[in-house]
Amino acid sequence: MSQTEEKKGIGRRVQAFGSFLSSMIMPNIGAFIAWGFIAAIFIDNGWLPNKDLATLAGPMITYLIPLLIAFSGGRLIYDLRGGIIAATATMGVIVALPDTPMLLGAMIMGPLVGWLMKKTDQLIQPRTPQGFEMLFNNFSAGILGFIMTIAGFKILAPLMKFIMHILSVAVEALVHAHLLPLVSILVEPAKIVFLNNAINHGVFTPLGADQAAKAGQSILYTIESNPGPGLGILLAYMIFGKGTAKTTSYGAGIIHFLGGIHEIYFPYVLMRPLLFIAVILGGMTGVATYQATGFGFKSPASPGSFIVYCLNAPRGEFLHMLLGVFLAALVSFVVAALIMKFTREPKQDLEAATAQMENTKGKKSSVASKLVSSDKNVNTEENASGNVSETSSSDDDPEALLDNYNTEDVDAHNYNNINHVIFACDAGMGSSAMGASMLRNKFKKAGINDITVTNTAINQLPKDAQLVITQKKLTDRAIKQTPNAIHISVDNFLNSPRYEELLNNLKKDDQA
């Protein structure tokens with residue numbers, strides 16, 4: 001394996017880890033928001049103080065949210081059974097440290113117990129006497145839950161207390177030294193290579209929850225989610241950009257600023273690498289502004305939309321919120337404008353920049369691909385048949401795997417029995433939902449009413465999936481998850497010629 005391939009492999013593993021963390025946190029964002037509303041509205045200094053209703057906030061962040069995260073983590077590993085025992089075992093960590101929201105402990109305990117439950121069943125079920133299945137299943141789960149609850153209380157809880165103390169001290173040191181804005185030097189570039197999931201959901205969310213529980217709000221929720229820096233970049237392209245980049249920047253600005261899907265501005269930065277300076281300085285400005293004004297959110301601002309920022313802003317601090325977003329956008333815009341005005345026009349176009357971002361991330365961007373409408377198709381496979389060694393090596397070679405499944409030749413498949421199409425992306429939320437909505441509209445206009453179109457995360461694809469649509473760099477993961485499905489790769493998730501080809505094939509099969 002070459003050094004370049006090894007680096008790509010490491011990068012993909014890191015991104016997959018970030019995706020897994022995101023899959024535990026993102027489905028529970030609604031619970032975070034509900035808790036945030038209760039805390040913001042009913043506490044003593046809230047919008048509508050109510051002592052009785054305010055008592056809901058404590059148990060929700062102490063018990064409900066960690067248990068939901070643990071359940072999600074266990075379920076990702078071993079379905080419902082893994083989730084239930086994971087949530088049970090996490091009570092040990094929660095009860096041992098009742099004054100600290102155990103989000104980080106839940107993120108560890110959930111997948112761990114789910115994996116142990118899976119291995120326990122694999123060991124016990126083949127050896128279970130006939131007629132004793134229910135007894136063995138229930139008691140094996142109960143005994144594992146009992147053991148891991150005690151282990152959580154006695155072993156993991158002290159470890160979590162130490163880790164949370166170290167992280168909290170580090171954050172407090174940065175805050176007191178007025179150095180927290182420097183975190184943007186790492187966070188803003190990390191967003192471009194899709195490490196923001198690991199940073200935001202793995203570090204900022206649990207630490208922010210701890211701070212919010214103690215102080216009522218946390219600045220950590222604003223570090224990665226501020227839409228200002230990205231807006232500044234897109235505004236600069238609206239005014240100083242040329243060609244495709246300029247014309248697409250308007251729609252991208254709406255999707256980014258109001259929709260909260262930040263990845264749509266990443267290709268614009270990659271077109272001119274000097275623009276990394278603009279997003280870093282914009283991010284630092286936003287953090288510095290919020291630090292100076294003492295601003296913070298009570299719950300995660302997810303997605304990082306201006307609308308979410310407005311809804312989450314604490315009472316009496318709406319102007320502080322606006323100031324942080326405005327100044328971040330202003331600094332990012334000014335720096336980007338200077339760079340675009342006084343540096344050479346890049347040879348790289350928007351499509352190439354999108355491809356570079358996707359290659360750097362090790363996956364296709366499901367929303368950024370709206371920016372380009374390329375009709376590129378790979379060359380027809382010259383050698384359709386391969387030997388056994390080539391097939392076995394395809395697991396390590398994504399391109400070979402895609403060739404084996406004819407993922408870019410829509411006409412190569414039989415669609416007679418298709419009644420469900422799934423859009424799959426990394427997190428399974430915003431971008432895949434947009435793609436699914438677009439295809440549903442196409443089906444409706446074409447009179448195809450008997451095919452369901454849904455969206456999900458790659459690692460939650462059902463084993464009986466029939467037709468899966470993914471971005472090209474994600475397709476190899478989707479194939480490994482659902483090897484019996486038809487897989488279609490697209491270069492442009494929201495604007496691909498393959499959708500028309502799919503519609504034509506579905507109509508033909510329907511008429512036949």
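Even glycines carry a Cβ here, placed using N, Cα and C.
Residues or ranges marked as compositional bias 'Low complexity' by Swiss-Prot: 365-376.
Annotation source Swiss-Prot lists compositional bias 'Polar residues' at 380-392.
The domain 'PTS EIIC type-2' annotation in Swiss-Prot covers 17-349 and rests on sequence analysis.
As annotated by Swiss-Prot, domain 'PTS EIIB type-2' applies to 419-512.
Taken from Swiss-Prot, the feature topological domain 'Cytoplasmic' covers 1-28 (among others), and the record attributes it to similarity to another entry.
Nonlocal intrachain contacts for the topological domain 'Extracellular' (51-54), taken as residues 6+ away from its ends with a CB within less than 8 angstroms of a stretch CB, comprise 38-39, 42-44. What Swiss-Prot records for 51-54 (among others) is topological domain 'Extracellular', and it gives similarity to another entry as the kind of evidence.
Here Swiss-Prot flags 76-139 (among others) as topological domain 'Cytoplasmic'. Note: the topological domain 'Cytoplasmic' (76-139) comprises 53 helix, 0 strand, 11 coil (DSSP; helix = H, G, I, strand = E, B).
Look at Swiss-Prot and you will find 162-170 (among others) tagged as topological domain 'Extracellular'. Restricting the average to the topological domain 'Extracellular' (162-170) gives a pLDDT of 79.
If you look up Swiss-Prot, you'll see 192-278 (among others) marked as topological domain 'Cytoplasmic', on the strength of similarity to another entry.
Under the heading topological domain 'Extracellular', Swiss-Prot lists 299-318 (among others), citing similarity to another entry as support.
If you look up Swiss-Prot, you'll see 341-512 (among others) marked as topological domain 'Cytoplasmic', on the strength of similarity to another entry.
The annotation transmembrane segment is assigned in Swiss-Prot to 29-50 (among others) on the grounds of similarity to another entry.
For 55-75 (among others), the entry in Swiss-Prot reads transmembrane segment, with the evidence type similarity to another entry.
Remote same-chain partners of the transmembrane segment (140-161), defined as residues 6 or more beyond its termini with a Cβ less than 8 Å from a stretch Cβ, comprise 81, 84-85, 88-93, 95-97, 100, 102, 104-105, 108-109, 112-113, 116-117, 120-121, 124. The transmembrane segment annotation in Swiss-Prot covers 140-161 (among others).
The annotation transmembrane segment is assigned in Swiss-Prot to 171-191 (among others) on the grounds of similarity to another entry. Long-range neighbours of the transmembrane segment (171-191) within the same chain, counting only residues 6 or more positions beyond its ends whose Cβ lies under 8 Å from a Cβ of the stretch, are 199, 207, 211, 219-220, 223-224, 229, 262-263, 266, 276, 279-280, 282-288, 291.
Sequence annotations record features per position, and here Swiss-Prot assigns transmembrane segment to 279-298 (among others) based on similarity to another entry.
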